[in-house]
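Trainee: The structure follows.
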Amino acid sequence: MKPAIYFDELEDDVLQCLLCPNKCIIKPGQTGICKARKNIKGMLYSLNYGELTSIAMDPIEKKPLYHYHPGSEILSVGSWGCNLHCDFCQNWEISKRRPGIINRVIPDQLIEIVKSRGSFGLAFTYNEPTVYFEFILDTARNAIRGGIEIVLVTNGYIEKEPLGLLVQSVNAMNIDLKGWNPELYKKLGGEKTYILKTIEKALEAGVHVELTTLIIPEENDSPEDMKEEVKWIASLSTDIPLHITRYYPAYKYDKPPSPPEKLKQLWEIAREQLNYVYLGNILTTKECNTYCPSCGALLIERSGYNTKIENLDEEGRCSKCGKEIPVIL
Ligand code: SF4
């Protein structure tokens, strides 16, 4: 356990957690919505500090990050807990509760594991990483000294102040933008405006940002919503990569997987306004590749998690027409 950084003391040892917009009011002996923060005798603790439930070398494309060291592998870790309630959660075994098997590490040990595996970086992923905020900050400080890059795969549901610290400590983020309809976020126990602010703040801080929208039939698959979503993304930059990914039944959802034709329709809508749109969780198609938005040359070919760089020079320019491509090699 580690004392939490962001909270307020109310009265009679009651605390208010200020890490995420849920702003849980927590009585002594109780935990917040994420289950990962507990009031113990008037002090708020992070229960999942250094508690790892998963550790693996993953292709960076699995995060998904397609414009960040393409073709490399990254040591990826997850803990447990989440501050939203997605009934279609693909990792519900670790997001909804603390699983039985846990490996405990301190930041130095984790950095040593990253080095011993020969990984260029460390990805906090699988469950929602911001709910073990203190562990990420402590690890990131050590990582920076060792030249290790930090990646977050996050729902972006975090308050402004902690986010300000976080974006100073990470190199790349994949942020879930679960859909454009604010009602969807309400259903999940969140508010969309916070996610939009997280995306803006991460970009302002110079973090490499890619976005993911998991398409769930009848929840967020309307063409109108996708048009509005990409209009907003394009207003920030038309170069932000957007991953439109296929849903499969999980946790409490048993609706059939999103139809490939629907995904392609949404991909086409998104491509009208954005330069780099990808389909994910789907068999190999041309919509998984990167093409030069200027001359159309194939730049990066993807087949599953196999990645082949075709027409990019060392500076990240299209070798056919010289256009600068926003990719970190
Ligand atoms: S981080 Fe957890 S305890 Fe804190 S406000 Fe969010 S859900 Fe509540």
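In case you wondered, yes, glycine gets a Cβ from its N, Cα and C as well.
Caution: TrEMBL annotation is automatic and unverified by curators.
Got these off TrEMBL a minute ago, pasting:
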type	residues	note
DOMAIN	67-279	domain 'Radical SAM core'
BINDING	CYS82, CYS86, CYS89	[4Fe-4S] cluster binding site
Trainee: For CYS82 ([4Fe-4S] cluster binding site), list the number of other Cβ atoms lying within 10 Å of its Cβ atom.
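Mentor: Excluding its own Cβ, the number within 10 Å is 25.
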Trainee: Other residues near the [4Fe-4S] cluster site, CB within 8 A of the CB centroid of CYS82, CYS86, CYS89?
Mentor: LEU84, HIS85, ASP87, PHE88, ASN91, TRP92, SER95, LYS96, GLU128, LEU188, TYR251
Trainee: Please work out the number of neighbouring Cβ atoms within 10 Å of the Cβ of CYS86 ([4Fe-4S] cluster binding site), leaving out its own Cβ.
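Mentor: If we count other Cβ atoms within 10 Å of CYS86 ([4Fe-4S] cluster binding site), we arrive at 25.
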Trainee: Over the domain 'Radical SAM core' (67-279), what is the model's average pLDDT?
Mentor: 96
Trainee: Which three-state DSSP class does CYS86 ([4Fe-4S] cluster binding site) fall into?
Mentor: coil
Trainee: Let me know how many other Cβ atoms fall within 10 Å of the Cβ of CYS89 ([4Fe-4S] cluster binding site).
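Mentor: Neighbour count, Cβ to Cβ under the 10 Å cut-off: 20.
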